[in-house]
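These features come from TrEMBL:
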type	residues	note
TRANSMEM	A:12-31	transmembrane segment
DOMAIN	A:70-282	domain 'ABC transmembrane type-1'
TRANSMEM	A:74-95	transmembrane segment
TRANSMEM	A:107-128	transmembrane segment
TRANSMEM	A:155-179	transmembrane segment
TRANSMEM	A:200-226	transmembrane segment
TRANSMEM	A:265-286	transmembrane segment
Amino acid sequence: MRKVHFKGIALPYLLLLPQLVITGLFFFWPAGMAVYQSFLREDAFGLSSQFVGWENYADVLSDPTWLESAARTGVFSVSVAVLALGVALFLAVQADKHIRGADTYKTLLIWPYAVAPALAAVLWLFMFHPNIGIFGRMLNALGIPWDYRLNGGQALTLVILASAWKQVSYNFIFFLAGLQSIPRAVLEAAAIDGASPMRRFWTVVFPLLSPTAFFLLVVNLVYAFFDTFGVIHSLTQGGPGKSTETLIYRVYTDGVMNLNLGSSAAQSVILMIIVVVLTAVQFRYVERKVHY
Amino acid sequence: MATLYLQDIRKSFGPTQVLHGVSLDVADGEMIVIVGASGCGKSTLLRIVAGLETQTSGQVVIGGQDVSGLEPADRDVAMVFQNYALYPHMSVFGNMAYGLKIRGVPKAEIERRVKEAAELLGIGALLERRPRQLSGGQRQRVAMGRAIVREPKLFLFDEPLSNLDAKLRVQMRAEIRRLQRRLGVTSLFVTHDQVEAMTLGDRLVVMHGGHAAQIATPMEIWAKPADTYVAGFIGSPAMNFLRGTLSHGGVVATLPGGVSVPLPGRAGADGNEVLIGIRPEHLRPGVGGLSPVIELVEPLGSESVLHGRLPDGSPLTARLPGAVHPEGALALTLPPESLHVFDAGSGKRIEAVA
């Protein structure tokens, strides 16, 4: 990093100001409001509110349906992360080989990242809708009863697929960069040492990719926790029943649909704490534990 | 331990041909140094022997077995890379044991062999360290250790010393030579450094433009270089070349300035154009030869290197004993027995006929 020396202190602060204003306006203020709101409870008509301390948190954490949502979110997030990472790693390894048209292939793989979540959902809807989706109709024609609007398991599978698909491109870019930073000579040394391509991958390539993989795991979990709202909202609205209602979707349902602001705010704060913990773990682990 | 036989190895990358048919016969336990300027194809040749590149045509035979189509894993060779190519996520022990583990060697045996090699190389205390905690010289030893424990048929060295500082390079050079003699493993060593080549090799392969310009012992190459390229490449400072025309029945060459140089023997028909080569250390002070003007004197202590120009403008370098030499005009003689004669057209050596 190049060091720049300013004469006064006005200019550096002025240059920092836009960033600070944006962060304050769009993060600290709403986050602060959420924290404040989470200690309040409104009456049924929204006319008055009173301070209730930790009561909202206690209610949320002892609500069996919330705990179910949390467990569902766990299954959902881990599935999305594992699927997105696995597919991306496979594709990156293929792209890293010197194949013809590799550049085109890479560009095409990066496209899904540019697609908005709602559009991605519509795309999957067109594929898997039981009446108008190509694969949906095909499955039904083959005698497999497919209707994600009625079957909770199928609904969860579909949102997992759609969410993972969106994240594959992001992971792909990082994995490819990681693969390309592994010195060729190290792989050649392994080849001369007698390792088969599979063995080279698992004993040399994968360990060297592990910092990248760990970073992506955290990013993917955060993505699955928070950024999949659009996909779920467009595809299933959390249904059927509550079978695709993740924690973030529940924040929306409780706050925006049911106008239970206190509980919704408390849930948001809990989610915020989760993301802070994930990020902290990432920083500590990536800097300390990954050795080379 | 094994012999190595290369038969007419050719290699093209697309339309560019980098190896134009190299043949080489290496005896069991011999150390061959492949030397040449960058881009001469020496590393490609080594990689073909290792199986990391596939030759366009030709055969690689290791220990009597044709391995031309085999994967590196099936050739039983070990290679030491220029940047060492250690596995960064494994300990020194792990690095050295990797190849043995893959070959299914029993654990106790792995431990014994790694310890033995580590002691031999003086890295016994470093087995638990990771590569990034090692100095350049230590990494170099680990890379050697990784090759040694495998007990391969062939050692391949790809410029392993070029990343070390000058002092360490000299030390490792001697160590590699001692180790190679002691283990008696047939070795190919690629370098661009002529001093490394001269000191390490039983025989040298001087590569030039994808050809093996000369394959011989270091002293043979120094005393009888096969062409002007080899003559100029081996030896420091480089050999001087003087253009001349044969006369007096081919035993005297006349230089452009009119100076007649008697040759050690008949070098061809009168009127033939030749290049006369003489090493700077073979020029002697004395009248009756060359009369250069010295422009620069580099004292080296016991001797000095003198850079000058001949009357026709061509450069000349001389190495004379003593530290004090004045700049300016100087008279030098050319002892006939130290002259090399090359064909001016092809650059090939012309052997004197007595």
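Even glycines carry a Cβ here, placed using N, Cα and C.
Any TrEMBL annotation is an automated prediction that lacks curation.
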Where else in the chain does the transmembrane segment (A:155-179) make close Cβ contacts, counting only residues six or more beyond its ends and a cut-off under 8 Å? 72, 75-76, 79-80, 83-85, 87-89, 91-93, 95-96, 106, 109-113, 115, 117, 120-121, 123-124, 128, 148-149, 205, 208-209, 211-213, 215-216, 219-220, 223-224, 228, 231-232, 235-236, 239-240, 243-244
Against the transmembrane segment (A:200-226), which of these stretches has the most C-beta pairs under 8 Å: A:12-31, A:74-95, A:107-128, A:265-286? A:74-95
Remote residues contacting the transmembrane segment (A:74-95) - C-beta distance under 8 A, at least 6 residues beyond either end: 102, 105-106, 109, 156, 159-161, 163-165, 167-172, 175-176, 178-179, 201, 205, 209, 213, 216-217, 220-221, 223-225, 228, 244, 246
Residue list, the transmembrane segment (A:12-31) vs rest of chain: Cβ under 8 Å, 6 or more residues beyond ends. 6, 272
